[in-house]
Amino acid sequence: PRVCVVGSGPAGFYTAQHILKHHGGALVDIYEKLPVPFGLVRFGVAPDHPEVKNVTNTFTQTARSERCAYYGNVTVGRDVTVPELQQAYHAVVLSYGAEDNRVLGIPGENLPGVYSARAFVGWYNGLPENQDLKPDLSCETALILGHGNVALDIARILLSPLQLLRKTDITDSSLAALACSKVKRVWLVGRRGPLQVAFTIKELREMINLPGARAVLDPADFTGLESALKDAPRPRKRLTELMIKTALEKPVEMQAAAAGAAAPREWGLKFQRSPQEVLPSADGRRARGIRMALTRLEGSGDSAKAVPTGDVEELECGLVLSSIGYRSLPLDPAVPFDSQRGVIPNSSGRVEGVPGLYCSGWVKRGPTGVIITTMNDSFDTAQSVLEDLQGGVLDISPSREGFGLVESILHSRGVRPVSFSDWEKIDAAEVARGKAAGKPREKIVDPAEMLQIIGH
């Protein structure tokens, strides 16, 4: 059987890995729109979390298998359509992730100074489409809307001492911009309360221990939580207890500040506030603050809803980052898509009403969870493919040409795919450039330059 996987992030690679491991004869081709592989491992994981990127070693082993091939620089839906892939392969798995962000839907969100978390993360991680972002970091206060791990990542990057970032694979140009940054205060704002935050304890602890930055948590935000905590699951309990402990601590810096030392950078969590409007500066040219509705919670736990109380509050900030979630987009008119939920309708990864078509990762279940969540999810889809091969649901008697057919289509459209060994040349160039600067790599951010290195 010939199987094709669209997208070379964790979902794509884990799907391929599972199929290759459990079917001794399957051939898997992975297509990727960028010349370089690994999706959010390369472009989403924070530069100061190199250990999370170690999964690329496993992915590299998969790509080097003689039954696997990688074709970068191919945009499915434009260079080749999904029906064309279905003619070339016995099974097609869509694992292309979430390439857009959810919008706030409030006045002023398009003002200069307002950015999506997705674009900002793409900017410091070298995602080609975000290289011209040039975020304005000339203000003292930044406000991040959202209480997830991505929000904490951004806060940490904004407030990290430069000597910590210099040793990472953060891009050269974003490092230069952060070196001139005036941001010294970051607020993370959420619509709901401390019991509903989406970040994990590891990320919170890292933020609390960030050198040269102090946490500002209001003890009043945590009063009366003890009873609710009694029945909370253990991870939620530990996370909330860490916030409470941090809120009650009198930091050493406070005494230093009283003694006349320079005030350090600071960050804090604000709860039960929902953004209503980004406020423009007097000349209307940029963001100067945000108006928020104060909310109260109805219900409890994860299902609690934030309802506006009628009171509002304004907060001055020159930088607003909206971290309220990524969003998948439809890829091809031939593929059903639920635009309400931003997913491909499926059952265990089998796309509804289209036999032989599957999906895994964020486009299957929505943009939630960490790499391990995606791994399990992808194994689940791969298992569906294997069951359908075994149960005869997928007819493999007609031989399919696989890349042979796709190659002639791409050739006729003037598209030249990038192989995995091509990527390894780009990789080597990045590592060599990084070495000179004492970094693990210096990412090449321009696709044209990537193609130049491999002589395309």
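Every residue, even glycine, has its Cβ placed from backbone N, Cα and C.
Summarising the annotation, TrEMBL assigns domain 'FAD/NAD(P)-binding' to 2-158.
The FAD binding site annotation in TrEMBL covers Ala11, Glu32, Leu40, Val76, Trp362, Gly369, Val370, Ile371. Of all the Cβ atoms in the protein chains shown, 12 others lie within 10 Å of the Cβ of Val370 (FAD binding site).
Taken from TrEMBL, the feature NADP(+) binding site applies to His147, Gly148, Asn149, Val150, Arg191, Arg192, Glu203, Gly369. Around Asn149 (NADP(+) binding site), the C-beta neighbours below 8 angstroms that are at least 6 residues distant in the chain are Ala198, Phe199, Thr200, Glu203, Val370.
In this structure, Gly369 is the one among the binding-site residues Gly148, Gly369 with the smallest number of other Cβ atoms inside 10 Å of its Cβ.
For the NADP(+) site listed in the record, the two most distant Cα atoms among His147, Gly148, Asn149, Val150, Arg191, Arg192, Glu203, Gly369 lie 20 Å apart. Here the CA atom of Gly148 (NADP(+) binding site) lies 16 Å from the CA atom of Leu40 (FAD binding site).
Long-range C-beta contacts of Glu32 (FAD binding site), restricted to its own chain and to partners at least six residues apart, with a cutoff below 8 Å, comprise Gly7, Ser8, Gly12, Gly39, Tyr70, Tyr71, Gly72, Asn73, Val74. The CA atom of Gly369 (FAD binding site) is located 10 Å away from the CA atom of Gly148 (NADP(+) binding site).
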